[in-house]
Amino acid sequence: MSAPAVAAGPTAAGATAARPATTRVTILTGRRMTDLVLPAAVPMETYIDDTVAVLSEVLEDTPADVLGGFDFTAQGVWAFARPGSPPLKLDQSLDDAGVVDGSLLTLVSVSRTERYRPLVEDVIDAIAVLDESPEFDRTALNRFVGAAIPLLTAPVIGMAMRAWWETGRSLWWPLAIGILGIAVLVGSFVANRFYQSGHLAECLLVTTYLLIATAAALAVPLPRGVNSLGAPQVAGAATAVLFLTLMTRGGPRKRHELASFAVITAIAVIAAAAAFGYGYQDWVPAGGIAFGLFIVTNAAKLTVAVARIALPPIPVPGETVDNEELLDPVATPEATSEETPTWQAIIASVPASAVRLTERSKLAKQLLIGYVTSGTLILAAGAIAVVVRGHFFVHSLVVAGLITTVCGFRSRLYAERWCAWALLAATVAIPTGLTAKLIIWYPHYAWLLLSVYLTVALVALVVVGSMAHVRRVSPVVKRTLELIDGAMIAAIIPMLLWITGVYDTVRNIRF
């Protein structure tokens, strides 16, 4: 709605009878439009202040969100302007400025020294001016230098390993590389602690991983009769990564999701390397599936245990429990800019232990992402590797299909998108890897395998498209998915024992 008002001004002395003395315009202030009748032949500077005063009185009860931040008390000189255009000259009249009845104007506050001139001469220059891409400055140079350190370290490590191999595999090489890795780790700590450079500290930490893992791998002696690097060296490198991750705890920026991912993956690699080293390589795929299932199905429990989120004490009737007993208080908690004012007010109104609960909740979310992602990766790798030719070919294909279905079902149970993405990626990666593996084994049936693969992919896309308008899973459907998921997991374990020959071993036991 608009509030019409008339701002009277002195009449021009030489106005002719053919030209109207007033002009009806619409003034836009925020989202409110107000119709005004203004003098047409008088310079605008003679009545602009009166017009602003009238509008201020008319719109004084208008909500602030309707005005859109418009402030009648702004400093400067008021002027009229067409929307998106420079202000009109105050020494001109509305007729001189080409303002006619029905024109839309806005009020702007300008300085008396403001001058408006075109910034560009053509469209190409305008595009160049509007391009707000960041320039290459000192910060960009620092980022480049930080990222270049681990990238250049990788080929240097490769050359050092080649020299170590060609010069008799002396222990001085891994010792020197390990000392260099420790020095870089100290540099990462110094960069984060004293120079507050998180990017450089993270780049140095990545470099430390490369150096320490290489040193640990080269320090493991080759077995007798072996002339190449193998499972013992992989186990040594994975062990170094595991202990380094436990020591750094997510690095300078507390990336706990990456730390938890590295820990679980390193444990799986160590176990697989040990199995290969002692001749139990046939058990590695089944063991990977079992370990991956354990991590994926128990990720929430592991998260609560590692994050140390304790349940509040349950008092007996009549017993009072202090709020501070829920969690240990955190000294001098500092609010971050990411928190809303409402959340900050809530935190300020409760004991300091609530801040610790918030920190633990964030840590739990990061740990859950890492656990589910690593468990899914191990599960997918085991599902592809477990398929073997021979008597258990069909059995192993059934196990891989069940694992694919389990990953697809569980992707709908997680609200965290990274967890869902990891499970969906496994749902796609397992059939793709199996198809590639079968084509390598049976190249004459490649056309049939590819046709089946593309048909299944097309059906999956149709199913996903048909569920585009399903915003959430109902409790009944969710419970059904959980039951199907549990039944499939229960079917996977016996089939794994069957494939690995455990049943045959038990059957052949003689007392």
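Residue numbers in this text run from 1 along the chain shown.
The backbone N, Cα and C atoms fix where each Cβ goes, and this holds for glycine too.
For reference, Swiss-Prot has these:
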{"type": "TOPO_DOM", "residues": "2-143", "note": "topological domain 'Cytoplasmic'"}
{"type": "MOD_RES", "residues": "Ser2", "note": "N-acetylserine"}
{"type": "TRANSMEM", "residues": "144-164", "note": "transmembrane segment"}
{"type": "TOPO_DOM", "residues": "165-170", "note": "topological domain 'Periplasmic'"}
{"type": "TRANSMEM", "residues": "171-191", "note": "transmembrane segment"}
{"type": "TOPO_DOM", "residues": "192-202", "note": "topological domain 'Cytoplasmic'"}
{"type": "TRANSMEM", "residues": "203-223", "note": "transmembrane segment"}
{"type": "TOPO_DOM", "residues": "224-227", "note": "topological domain 'Periplasmic'"}
{"type": "TRANSMEM", "residues": "228-248", "note": "transmembrane segment"}
{"type": "TOPO_DOM", "residues": "249-257", "note": "topological domain 'Cytoplasmic'"}
{"type": "TRANSMEM", "residues": "258-278", "note": "transmembrane segment"}
{"type": "TOPO_DOM", "residues": "279-285", "note": "topological domain 'Periplasmic'"}
{"type": "TRANSMEM", "residues": "286-306", "note": "transmembrane segment"}
{"type": "TOPO_DOM", "residues": "307-367", "note": "topological domain 'Cytoplasmic'"}
{"type": "TRANSMEM", "residues": "368-388", "note": "transmembrane segment"}
{"type": "TRANSMEM", "residues": "389-409", "note": "transmembrane segment"}
{"type": "TOPO_DOM", "residues": "410-420", "note": "topological domain 'Cytoplasmic'"}
{"type": "TRANSMEM", "residues": "421-441", "note": "transmembrane segment"}
{"type": "TRANSMEM", "residues": "445-465", "note": "transmembrane segment"}
{"type": "TOPO_DOM", "residues": "466-482", "note": "topological domain 'Cytoplasmic'"}
{"type": "TRANSMEM", "residues": "483-503", "note": "transmembrane segment"}
{"type": "TOPO_DOM", "residues": "504-511", "note": "topological domain 'Periplasmic'"}
- Item | Overall pLDDT of the topological domain 'Periplasmic' (165-170), taken as the mean | 88
- Query: Taking the transmembrane segment (368-388) as reference, which of 144-164, 286-306, 421-441, 445-465, 483-503 has the most Cβ pairs under 8 angstroms?
  - Reply: 286-306
- State the non-local partners of the topological domain 'Cytoplasmic' (410-420) in its own chain: residues 6+ outside its ends, Cβ under 8 Å from one of its Cβ atoms. 257, 296, 299, 365, 368-369, 372-373, 427, 473, 478, 481-482, 485
- Message: Checking distant contacts: for the topological domain 'Periplasmic' (165-170), what same-chain residues at least six beyond its ends satisfy Cβ-Cβ under 8 A?
- Response: 218, 222
- For the transmembrane segment (203-223), what are the same-chain contacts with Cβ under 8 Å, counting residues 6+ beyond its ends? 146-147, 149-150, 153-154, 157, 160-161, 164, 169, 171, 173-175, 177-178, 180-182, 184-185, 187-188, 191, 229-230, 232-241, 244, 248, 251-252, 277
- Message: I'm a bit unsure how to read this: which one of 144-164, 258-278, 286-306, 421-441, 483-503 has the highest number of Cβ pairs shorter than 8 Å with the transmembrane segment (389-409)?
- Response: 483-503
- Could you give me the DSSP helix, strand and coil counts for the topological domain 'Periplasmic' (504-511)? 4 helix, 0 strand, 4 coil
- Same-chain residues at least 6 beyond the ends of the transmembrane segment (258-278) whose Cβ lies under 8 Å from its Cβ atoms: 223, 230-232, 234-235, 238-239, 241-242, 245-246, 248-251, 284, 287-288, 291-292, 295, 306, 366-367, 369-371, 373-375, 377-378
- In the same chain, which residue numbers or ranges, 6 or more beyond the ends of the topological domain 'Cytoplasmic' (466-482), come under 8 angstroms Cβ to Cβ? 409, 412-413
